[in-house]
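What Swiss-Prot says about this protein:
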DISULFID  119-155  disulfide bond
DOMAIN    62-204  domain 'THD'
CARBOHYD  95  N-linked glycosylation site
SIGNAL    1-33  signal peptide
């Protein structure tokens, strides 16, 4: 049995047609057209003639992608609606936290990149610890609960410039009103650019 949410690529007269499993499952079981699939001839024609429209209509789910604000020092502040960052279909950003619009399964992800000129003092460098965490605050819990967490350390090590990246992502069952936020140690070493530091989630 194919897992829910998988994207199908069908070929009709050698033209690729994208159909979402969610659209197929939403049709009546007895619909005529493709046996065992449950899609009517009219729906199939729509998908064939207007695949982009058909695909977009089937993916109007909550999604958010945030990037770090490089204008703010000593703090990681998230921003949307700029440089490929966005909030769609119910997601909102409040007090540097993403507010979950509806209950369901979400893929939550984040990446940060740290960099430095070298280890100091050079004679006996002190270890530098870096960490990034995605946290959940919910009405079910009176405190922030870690969802994703990663740590790295640099120094002692090579005396030249260094770079460390951390990417995390996983699927979680979230509830409407949940708040997603991040906590970072080593903020002064963040390499703030839209492609290096980001945070987001989307419904499955």
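Heads up, the Cβ atoms here are built off N, Cα and C, so glycines get one too.
Across the domain 'THD' (62-204), DSSP helix (H, G, I), strand (E, B) and coil residues number 3 helix, 77 strand, 63 coil. Ranking the recorded positions 95, 119 by other CB atoms within 10 A of the CB puts 95 at the bottom. The C-beta environment of residue 155 (disulfide bond), restricted to residues of the same chain at least 6 apart in sequence and closer than 8 Å, consists of 119, 120, 125, 126, 127, 128, 162.
When averaged over the domain 'THD' (62-204), pLDDT in the model lands at 92.
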